[in-house]
Amino acid sequence: MVAVSASGSQVLGQQSRKLGTGVGALRLPVKRSRSVLARSFKTREGGITEKGIDGSDEMTQKYQEIASDLKEKWEETEEKPAVVAITVSAFIAIWAASGVVDAVDKLPIIGGLLEFVGLLVTGWFAYRYLIFGPDREELKSNIESFLKKVTGKSQV
């Protein structure tokens, strides 16, 4: 027979009650009244710092700036249907690629082999372009020339 006895013992700083007896006795937390919970919440409520509030204002400004830039670009665009079609096509391509990656990842040996190849290519790229100064400059110039070809502007 299981007996429930309320005890004043502390388990990790909280009141608990003991369910059962013996070594495997289960301790259940005691329910607190709503006023205690509300009081606990109110004490945590005052912990908001000015830095957190300022950070949210900065983020709001950045989001508004990005939104206004997008609106300007959209108004400048002459081929709006083409932009919409390319955007939808990009999302469909990403969705399809995700399905292919999931299917390949479920194959027993192929997923691990491709991960190993990815690690090798990442290591080669880091060795080739990131370790030595002149190679980093070469990478930077390659990226800048690519961006110039794509956008038609020079990037600083």
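Along the chain as shown, the residues are counted starting at 1.
Placed from the backbone N, Cα and C atoms, the Cβ positions cover glycine too.
In TrEMBL this protein carries:
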- 69-152: domain 'Cyanobacterial aminoacyl-tRNA synthetase CAAD' (DOMAIN)
- 81-101: transmembrane segment (TRANSMEM)
- 107-127: transmembrane segment (TRANSMEM)
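For the domain 'Cyanobacterial aminoacyl-tRNA synthetase CAAD' (69-152), the model gives a mean pLDDT of 91. Broken down by DSSP into helix, strand and coil, the domain 'Cyanobacterial aminoacyl-tRNA synthetase CAAD' (69-152) contains 74 helix, 0 strand, 10 coil.
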